[in-house]
Amino acid sequence: NLYQFGKMIFKMTGKSALLSYSDYGCYCGWGGKGKPLDATDRCCFVHDCCYGRVNGCNPKLSTYSYSFQNGDIVCGDDNACLRAVCECDRVAAICFGENLNTYDRKYKDYPSSQCTETEQC
């Protein structure tokens, strides 16, 4: 769920999910359209696509099982849908961590009206 995703993001980046990623670029936050603006925004685009492939549970509300082991996020659900949601969140949190060096504050609170030319998953 979004709370668990936020904890993953903080663990991998040291940043608050709400303050740093909830309204960033064209894809970080609710919904999304346009072309990803940078590597961080692309992490969100890929995450949105991943959620779009999940069947059988609500990705934003479903509580899954995971842990942090040796700096890694480990998803631990037997339920296929919950495991898929966890994997979407895990990959995105790692992606944010890998792209911290290109995070650009100018894309925080970016106007959605500037997001055009939507990419397909």
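Glycine residues also receive a Cβ, built from the backbone N, Cα and C atoms like all the rest.
Bond annotation: of Cys26, Cys28, Cys75, Cys81, only Cys28 is listed by Swiss-Prot as forming a disulfide with Cys44. Cross-referencing Asp38, Asp48 against the Ca(2+) binding annotation in Swiss-Prot, which names Tyr27, Gly29, Gly31, picks out Asp48. Here the candidates are Cys86, Cys88, Cys95, and Swiss-Prot names Cys95 as the disulfide partner of Cys43.
Of the listed cysteines (Cys115, Cys121), only Cys115 is recorded by Swiss-Prot as the disulfide partner of Cys26. Swiss-Prot lists a disulfide bond between Cys88 and one candidate from Cys49, Cys50; that candidate is Cys50. Cys121 (disulfide bond) has Asp48, Cys50 nearby among the recorded positions Asp48, Cys50, Cys75, Cys86, counting only those with a Cα within 10 angstroms of its own Cα. Cβ atoms within 8 Å of the centroid of the Cβ atoms of Tyr27, Gly29, Gly31, Asp48 (the Ca(2+) site) belong to the same-chain residues Cys26, Cys28, Trp30, Gly32, Lys33, Cys44, Phe45, site residues excluded. Classification of Cys75 (disulfide bond) by DSSP places it within a strand. Summary for the binding-site residues Gly29, Gly31: the Cβ-based neighbour count within 10 Å is maximal at Gly29. Over all protein chains present, the Cβ of Cys88 (disulfide bond) has 22 other Cβ atoms lying within 10 Å.
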